[in-house]
Amino acid sequence: MGRWALDVAFMWRAVLTLGLVLLYYCFSIGITFYNKWLTKSFHFPLFMTMLHLAVIFLFSALSRALVQCSSHRARVVLSWTDYLRRVAPTALATALDVGLSNWSFLYITVSLYTMTKSSAVLFILIFSLIFKLEELRAALVLVVLLIAGGLFMFTYKSTQFNVEGFALVLGASFIGGIRWTLTQILLQKAELGLQNPIDTMFHLQPLMFLGLFPLFAVFEGLHLSTSEKIFRFQDAGLLLRVLGSLFLGGILAFGLGFSEFLLVSRTSSLTLSIAGIFKEVCTLLLAAHLLGDQISLLNWLGFALCLSGISLHVALKALHPRGDGAHKPLKGLGSNPDLELLLRTSQPEEEDNEEEYFVAQGSSDQPGHQPRNSAAPGPSGPPGKRGAWHLLSLASAST
């Protein structure tokens, strides 16, 4: 009877994990192709991103209200000082990362976008070294060389290469390195109580919206104000279809962030990392089959080289999951009790993952996107070095 119960429990856990991975794939791959499809007819990616941010803020505020009514516990609300000093830099970097990523869809293919965004791990490693969040070691150098070499091979003599689009998405990857480094630093301020992704998204979206607005005003404001699709519309049906399409993208972005959270909290960050690697392969295969992206043998070899670098990083994280100086994060004020209402875990390891998980992306066209794991310092101890490895793996899964 005991053996049978264990087999049933194992099968149920396997089915649950597979279901969560498929849910994550649907949102992550879906929003990439959806944004590419939408930008073919709606040439205002920054406005699209800003509307996504508004939708995510709306859903996160609604979720907070529902959880607060269910738990009868006050939600965490940061003071203006903490909000502007500690959250604003992360929000600005996240807004630029997401905005430039969506902007690049006007010029480049999904395959080139996917490959270039994978290089975000390279920049995250570099900034982790600069900010001394990670120590220089031979394995890190090898990871950087594999990813950089793979990116060069993928873009070399590409028949569908576009300089402007490549520069935008590469710039987004570079800013993404700053974004995830700032995210880790923010996470180490465990007393802020933003370990819950819903609280994090709620606080990030307004500043992301404001940070992206100047860029939108300069490059799209005038054109959008004279566009018949929005402000000078003549067909109400067309306006409703456009707004509905943009709103659906915001729902996908919110779903991506929450599906990542579900996957990590019910399994582990390693599961998300591995799923992210296979997600890149699925995205490229679908881009070649559905959109007709032209990928040469050299490009595939470059992609394989890049994935080998990411896989090496994931393997290193799996072999060295915890550093000597790692501390368990402090529980956020009013942040963790509601996790029991959203989903329950039965193993202590999963509870640790649940407490540590952090979603810093507002829109996953963000891809992404993106979910982030880090080791926070104890009351007086230094931050755990393992935090950078968790953060890197989750960031690579969301790109």
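Residue numbers in this text run from 1 along the chain shown.
Backbone N, Cα and C define each Cβ position, glycine as well.
Ranges compared are 88-107, 168-187, and TrEMBL records transmembrane segment for 168-187. The transmembrane segment (168-187) and the transmembrane segment (112-131) are in contact, since at least 3 Cβ pairs between them lie under 8 Å (pairs 6 or more apart in sequence). If you look at the transmembrane segment (138-156), the same-chain residues 6 or more away from its ends with a CB under 8 A from one of its CBs are 112, 115-116, 118-119, 121-122, 125-126, 129, 166, 298-299, 301-310, 312-313, 316. Between the transmembrane segment (46-67) and the transmembrane segment (270-291) there are fewer than 3 Cβ pairs closer than 8 Å, counting only pairs 6 or more residues apart in sequence, which means the two stretches are not in contact.
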